[in-house]
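Listed features, source Swiss-Prot:
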type     : residues : note
TOPO_DOM : 1-20     : topological domain 'Cytoplasmic'
TOPO_DOM : 42-86    : topological domain 'Extracellular'
TOPO_DOM : 108-113  : topological domain 'Cytoplasmic'
TOPO_DOM : 159-173  : topological domain 'Cytoplasmic'
TOPO_DOM : 195-204  : topological domain 'Extracellular'
TOPO_DOM : 226-299  : topological domain 'Cytoplasmic'
TOPO_DOM : 323-328  : topological domain 'Extracellular'
TOPO_DOM : 374-394  : topological domain 'Extracellular'
TOPO_DOM : 416-433  : topological domain 'Cytoplasmic'
TOPO_DOM : 478-534  : topological domain 'Cytoplasmic'
TRANSMEM : 21-41    : transmembrane segment
TRANSMEM : 87-107   : transmembrane segment
TRANSMEM : 114-135  : transmembrane segment
TRANSMEM : 138-158  : transmembrane segment
TRANSMEM : 174-194  : transmembrane segment
TRANSMEM : 205-225  : transmembrane segment
TRANSMEM : 300-322  : transmembrane segment
TRANSMEM : 329-349  : transmembrane segment
TRANSMEM : 353-373  : transmembrane segment
TRANSMEM : 395-415  : transmembrane segment
TRANSMEM : 434-454  : transmembrane segment
TRANSMEM : 457-477  : transmembrane segment
Amino acid sequence: MAGGAIVASGGASRSSEYQGGLTAYVLLVALVAACGGMLLGYDNGVTGGVASMEQFERKFFPDVYEKKQQIVETSPYCTYDNPKLQLFVSSLFLAGLISCIFSAWITRNWGRKASMGIGGIFFIAAGGLVNAFAQDIAMLIVGRVLLGFGVGLGSQVVPQYLSEVAPFSHRGMLNIGYQLFVTIGILIAGLVNYGVRNWDNGWRLSLGLAAVPGLILLLGAIVLPESPNFLVEKGRTDQGRRILEKLRGTSHVEAEFADIVAAVEIARPITMRQSWRSLFTRRYMPQLLTSFVIQFFQQFTGINAIIFYVPVLFSSLGSASSAALLNTVVVGAVNVGSTMIAVLLSDKFGRRFLLIEGGITCCLAMLAAGITLGVEFGQYGTEDLPHPVSAGVLAVICIFIAGFAWSWGPMGWLIPSEIFTLETRPAGTAVAVMGNFLFSFVIGQAFVSMLCAMKFGVFLFFAGWLVIMVLCAIFLLPETKGVPIERVQALYARHWFWKKVMGPAAQEIIAEDEKRVAASQAIMKEERISQTMK
């Protein structure tokens, strides 16, 4: 929602006018909403582990099983190069991409709570019913598609909701709660896969338990308050004010509420169709490009290639199935711990610093992994990796995961949720999530084929992209730490590069921002006079 310090013309800081802080109530609201991240996390974590279980492979992917048992001779790099297996992994993201088109309309017209509830229902139906009882690949893919609809809705609305309910000084911390629960979902999935690895049809339980995070999101949608921004936008101003006061723990919310009202007055005349069209004008192009490119960069760190395929990767390198699944648990634990670091650091050091530092860490780790595999495993991998080398590869992957988890992971969700204006926010966040799912689909569909074709070079490929990401973060990304989201567009209008992209609209935005500040101050003055008279 609103929040933070940005210096307006004349040098006046707005942050001192925002009252209230981090209350127990807003913490509880953010905690329940952030649980929606477990939908995406559990699915990401469970997929690769299930794909490495022999019972699952024999039933759905016998070609892969024969390669693993060396019934069919092949390079270890190519063991899992199977189009149907890749479709099983990536089909969810194609469905999620499509669902984002509808989720923006639902979020703007029915509210944030409705989007969360519908997403939870899709996840319960798909995880609890279709995938758990799948009899063939077709049924498995149908379940994945339904899961994709649920993940698409949850991923679009939860970060947006968290940004709208969070106080300015803790927006980064609370929004990263979504990514934290993504990592918790990944860890839980790894533990479940490891626990049922020797059970008959244990893979059914692994897939079926996806219904649990869906149920949590559905229940959360019932008990959570609606976003004050949405209520004001729908004309329920008094209710929006009451919820804002409860979230902030004070009745003195004049400045923040005035900013919301001013933003709504600009957004209200704009229809959903106009919102989508506006995104592609020069006025909003900087935010659109930022959010979309961040999603591209997030996936081309190689993160989902690692998360999806950690068990598969270590199986390919010679680890037994149980050891490969245990490695997944280790990676998941590192992921959770490092994301907790991001929760503490994002509002202290800012978004750009974490992206730059994390990008450098990930790049060095990818280089180390590629060089180690190139030297020890070679192009053909005729022998299993020695245990010390395998442990070294695991350590390097954990360093990569740590660097990603406090940078490109949480920032990939936080930044798009806080840079769009109210009138374009549902459509803008939908485009960001669509980009995430599009590139997740590409990586999920292509990684094992890339591993087969490029061998250890696939890690060097991702390292090259990480260099580009760091440079873009240094030169092209404005720092949004402490900036009220109603005023981020003015930040872009003053940026050395993005003001050129905006063209004449940049000066219009700056003038509108100054006018909005003046209007907010006038409303505050009237309310103070009114309270004094009472």
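Even glycines carry a Cβ here, placed using N, Cα and C.
Pairs of Cβ atoms less than 8 Å apart link the transmembrane segment (138-158) most often to 434-454, out of 174-194, 329-349, 353-373, 395-415, 434-454. Contact between the transmembrane segment (457-477) and the transmembrane segment (353-373) is supported by 3 or more Cβ pairs under 8 Å, counting only residues 6 or more apart in sequence.
Under 8 Å from some Cβ of the topological domain 'Cytoplasmic' (108-113) lie the Cβ atoms of residues 157, 160-161, 164, 221-222, 224, 226-227, 230, 234, 272, 275, 426-427, all in the same chain and six or more residues away from its ends. Each of 174-194, 329-349, 353-373, 395-415, 434-454 was scored by its Cβ pairs under 8 Å to the transmembrane segment (21-41), and the highest score goes to 174-194.
Under DSSP, the residues of the topological domain 'Cytoplasmic' (416-433) split into helix, strand and coil as follows: 13 helix, 0 strand, 5 coil. Highest Cβ contact count with the transmembrane segment (87-107) among the listed stretches 329-349, 395-415, 434-454 falls to 434-454 (criterion: pairs under 8 Å).
DSSP places the residues of the topological domain 'Cytoplasmic' (478-534) in helix, strand and coil in these numbers: 43 helix, 0 strand, 14 coil.
Non-local neighbours of the topological domain 'Cytoplasmic' (159-173) in the same chain are 1-5, 15, 18, 20-22, 26, 29-30, 33-34, 107, 112, 116, 224-225, 227-230, 247-248, 256, 343-344, 346-347, 351, 413-414, 416-418, 425-426, 429, 481-482, 484-485; each lies 6+ residues outside the stretch with a CB under 8 Å from one of its CB atoms. In the predicted model, the topological domain 'Extracellular' (323-328) has a mean pLDDT of 75. Secondary structure of the topological domain 'Cytoplasmic' (108-113) per DSSP (helix as H, G, I; strand as E, B; remaining residues coil): 4 helix, 0 strand, 2 coil. Sorting the topological domain 'Cytoplasmic' (159-173) by DSSP state (H, G, I as helix; E, B as strand; all else coil) yields 13 helix, 0 strand, 2 coil.
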